[in-house]
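Student: Per TrEMBL, the features are:
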DOMAIN    11-298  domain 'Prephenate/arogenate dehydrogenase'
BINDING   K327, G400, R428, Q475, R652, R702  phosphoenolpyruvate binding site
BINDING   K327, S328, R332, S473, Q475, D621, K648  3-phosphoshikimate binding site
ACT_SITE  D621  active site, proton acceptor
Amino acid sequence: MSAMPCAPAERGILIVGLGLIGGSLAAALKASGYRGRIVACDCDADEVARGIDMGLIDDGGTQLAPWVAESSLIVLAVPVLAMEDVLRTLAPRLDAQVVTDVGSTKSAIEAAVVRVFGHLPPRFVLGHPIAGSEKNGVAAADASLYRQHKVILTPREDTDPDALARVRALWAACGAQLLEMTPERHDQVLARTSHLPHLLAFSLVDTLARQDERLDIFRYAAGGFRDFTRIAGSDPVMWRDIFSANRDAVLGALDEFEAGVARLRRAVTEGDGDAMLAVFDRASHARQYFDTLLNQTSYQAMEQRNIRYRVSPGGAVRGQIRVPGDKSISHRSIMLGALADGVTEVHGFLEGEDSLATLQAFREMGVAIEGPHHGRVTIHGVGLHGLTAPAGPLYVGNSGTAMRLFAGLLAGQAFDTELTGDVSLNKRPMGRIADPLREMGAVIETAEGGRPPLTIRGGQALSGIRYDMPMASAQVKSCLLLAGLYAEGETRVREPAPTRDHTERMLNGFGYPVQRDGDEAWLQGGGRLAASPIDVPSDISSATFFLVAAAITPGSDLLLEHVGINPTRIGVINILQAMGADLTLQEPREVGGEPVADIRIRYAPLKGIDIPTDQVPLAIDEFPALFVAAANAEGVTRLRGAEELRVKESDRIQAMADGLTTLGVDNTVYPDGIDIVGRASADETPAAHYRGGQVDSLGDHRIAMAFAVAALRASDEIVIDDCANVATSFPGFVDLARRVGLVLDEQEVS
Ligand code: S3P
């Protein structure tokens with residue numbers, strides 16, 4: 001809920017031009033509780049009389065002069081081309097008043113002010129409310145016209161801060177959202193988002209109207225025509241003025257549009273279905289993305305939401321479920337599919353926010369991608385050298401994997417790119433990939449401390465290197481192998497411990513040989529990828545939350561279907577089994593180069609263990625849930641050699657330690673690990689192992705899900721804050737958790 005706007009502290013407000021815009025401003029100010037006088041001047045005496053009758057203004061007339069002295073703030077709401085005459089009348093009468101305007105173009109109005117005054121007076125704050133309607137005149141005034149709408153102000157460096165604050169207060173009182181930019185940028189932005197669409201609508205209707213005399217086509221025009229041309233009903237005089245005043249920016253926008261139409265025309269002429277699909281698909285998804293922004297449901301919008309889980313103590317864990325597709329493999333399927341020659345069909349794709357961001361980024365680089373529809377994605381590969389420069393920065397959400405793998409493959413492109421992510425990702429270290437990429441000849445700039453955003457300069461000749469990784473990281477290894485596709489010679493990476501090998505497996509599956517010998521993987525640059533179908537197994541990292549849920553809850557019996565059990569990912573299985581879990585793999589099989597099985601798990605008492613260090617990289621994402629298993633075991637569980645946990649989506653050692661302490665579980669934190677004192681006892685009588693409480697997930701999806709599972713053995717409710725990011729890796733977590741027997745309530749808090 002937005003707070004009630006508060007009325008501006010002006011002595012009196014003069015509105016020059018009492019049409020829809022000026023009248024709505026007066027109405028909104030009255031509604032905000034403004035008690036000062038509002039007067040208006042308009043060349044039409046009837047409009048002024050109507051404004052007084054409607055109670056919008058206190059007084060007014062057709063002459064400007066009488067009203068200037070009694071006002072402390074003046075709003076110019078006359079058509080753009082009438083502005084200069086009004087300014088000439090105003091100039092000799094101005095004293096200390098603040099002046100603002102509502103014109104749809106800003107550079108032309110600023111130029112008019114400078115012609116009249118010789119400079120832009122510091123008490124002038126030009127502005128533009130992005131709101132309107134096809135209706136005209138004060139009779140259509142609407143007190144809510146500006147509520148939740150944007151108002152752009154275009155102050156200059158020497159604008160008086162007090163004047164700016166007062167104009168901001170004026171619009172804030174109307175419920176508007178304020179933005180600031182230069183007049184030039186305003187005109188460029190509006191030329192594209194408002195002026196060009198109006199020009200096209202006017203032109204289309206006029207073109208068809210001429211033909212209509214011969215063909216009578218309006219009688220058959222349907223919804224598409226109506227939707228596209230609604231704005232052609234707007235005020236012709238106003239729009240003539242806008243196009244005259246914003247000529248250069250509109251012509252620039254029109255040039256871009258004509259080039260786009262020419263590209264499509266060529267595709268239609270040549271019957272180039274792929275080119276058409278690329279444009280339509282990008283446009284269709286861009287339109288949906290725009291919708292989600294408007295509806296506040298996109299991931300970027302969700303970042304500002306606080307989703308809270310309330311998980312009741314106790315519950316059961318029984319049934320047969322399939323968790324969503326593997327995140328690591330989903331990212332890679334889009335990347336390699338896009339760089340392959342031919343069409344790649346993906347099944348089981350994870351429709352989480354992170355992998356969707358990867359998919360969108362490739363669309364922005366000219367790749368036609370259909371879907372996802374229930375996990376099916378069709379990628380029309382463009383070949384290793386077929387990507388095109390995106391129009392702006394590529395946004396990869398919460399995903400370290402996406403940013404690091406993208407950096408590798410973008411280092412080899414002919415064009416520049418910028419990679420950016422959400423607040424959490426923008427804190428994570430990127431030097432680990434930027435340094436070796438630079439050794440290969442890449443040119444990469446990072447923000448301070450080697451953090452995102454990354455700016456990657458295109459057109460560099462890369463050469464293969466032999467790299468000894470200082471940490472066990474599949475992301476670093478994959479980044480370098482992807483850069484190696486574009487490098488001269490051989491790119492070789494040595495890992496200090498085995499890490500997930502999905503990149504190597506998938507490259508081989510796409511006919512691009514990656515060799516391995518011991519702890520080294522390598523490839524030769526300059527080959528090509530051939531499209532190949534991909535079946536994404538369920539994500540063992542998502543399955544882990546339910547494995548732990550069943551492992552700690554007496555009476556549980558759960559079957560998890562089609563889970564990926566790649567040997568570089570099964571640390572969690574090995575660790576749980578070592579702790580005494582009753583876990584069996586059923587029907588092991590291989591799909592598309594990745595081993596898969598159904599996993600059955602039933603309750604059995606757990607005991608604390610020293611986690612073998614060779615299992616750490618194989619279970620790196622599973623520790624938040626494994627810490628919950630440790631809290632429910634008998635005896636102490638010790639983890640060392642896991643300093644990488646400190647640079648995940650949160651510092652996972654500290655985040656889990658804090659939450660466990662809240663629940664009353666003793667633990668000791670070390671730089672590279674933790675000791676957790678398990679709360680189970682040999683006789684296993686108590687239902688609850690610890691208390692409930694309120695914990696903060698710090699926006700980390702895996703911390704949120706781990707504490708949800710912990711509630712199964714708590715004595716009271718566990719409340720978990722900041723859970724929106726669960727959607728990055730596990731869409732549908734809440735529904736599946738409820739289905740197996742957790743009692744979980746999801747709420748949005750302000
Ligand atoms: C991933 C590698 C791991 C893992 C991440 C996914 C990948 O990161 O934590 O969730 O897909 O390559 P590091 O390589 O940084 O260990």
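Including glycine, each Cβ sits where the backbone N, Cα and C put it.
Bear in mind that TrEMBL entries carry predicted annotations, made automatically and left uncurated.
Since we're looking at a predicted model, the values are computed, not measured.
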Student: Nearest by CA distance to K648 (3-phosphoshikimate binding site): which of the binding-site residues is it, out of K327, R428, Q475, R702?
Tutor: R428
Student: If we check Cα distances from R652 (phosphoenolpyruvate binding site), which of the binding-site residues S328, R332, D621 wins as closest?
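Tutor: Nearest in space to R652 (phosphoenolpyruvate binding site), counting only the binding-site residues, is D621.
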Student: Which binding-site residues from the list K327, S328, R332, R428, R652, R702 come close to ligand 1, meaning a Cβ under 6 Å from one of its atoms?
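Tutor: Among the binding-site residues listed, those whose Cβ sits under 6 Å from ligand 1 are S328.
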Student: Can you grab the distance from R332 (3-phosphoshikimate binding site) over to Q475 (phosphoenolpyruvate binding site)? Cα atoms, rounded to a whole Å.
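Tutor: Distance between the two Cα atoms comes out at 11 Å.
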Student: Under 8 Å Cβ-Cβ from R428 (phosphoenolpyruvate binding site), six or more apart in the same chain: what's there?
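Tutor: When sequence neighbours closer than 6 are ignored, R428 (phosphoenolpyruvate binding site) has G400, M403, R451, P452, V647 within Cβ distance under 8 Å.
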Student: In sequence order, what residues of the same chain, 6+ apart, have a Cβ less than 8 Å from the Cβ of S328 (3-phosphoshikimate binding site)?
Tutor: T401, A474, R500, H502, D539
Student: Can you count the other CB atoms that lie within 10 A of the CB of G400 (phosphoenolpyruvate binding site)?
Tutor: 22
Student: Rounded to a whole angstrom, what is the C-alpha distance between K327 (phosphoenolpyruvate binding site) and D621 (3-phosphoshikimate binding site)?
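Tutor: On Cα coordinates alone, these residues lie 11 Å apart.
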Student: Tell me, how many other CB atoms lie within 10 A of the CB of R652 (phosphoenolpyruvate binding site), whichever protein chain they belong to?
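Tutor: Taking every protein chain into account, the count is 25.
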Student: With the 3-phosphoshikimate site defined by the record as K327, S328, R332, S473, Q475, D621, K648, how many Å span the farthest pair of C-alpha atoms?
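Tutor: 19 Å is the greatest Cα spacing among the residues binding 3-phosphoshikimate.
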Student: According to DSSP, folded down to helix, strand and coil, what is D621 (3-phosphoshikimate binding site)?
Tutor: coil
Student: Looking only at the domain 'Prephenate/arogenate dehydrogenase' (11-298), report the model's average pLDDT.
Tutor: 90
Student: When you measure from the Cβ of D621 (3-phosphoshikimate binding site), how many other Cβ atoms are you left with inside 10 Å?
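Tutor: Excluding its own Cβ, the number within 10 Å is 23.
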Student: Taking every protein chain shown into account, which of the binding-site residues K327, R332, K648, R702 has the largest tally of Cβ atoms within 10 Å of its Cβ?
Tutor: R702
Student: Take the C-alpha atoms of R702 (phosphoenolpyruvate binding site) and D621 (3-phosphoshikimate binding site) and report the distance between them in angstrom, rounded.
Tutor: 8
Student: If one measures from the C-alpha of Q475 (phosphoenolpyruvate binding site) to the C-alpha of D621 (3-phosphoshikimate binding site), what distance in angstrom results, rounded to a whole number?
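Tutor: Their Cα atoms are separated by 13 Å.
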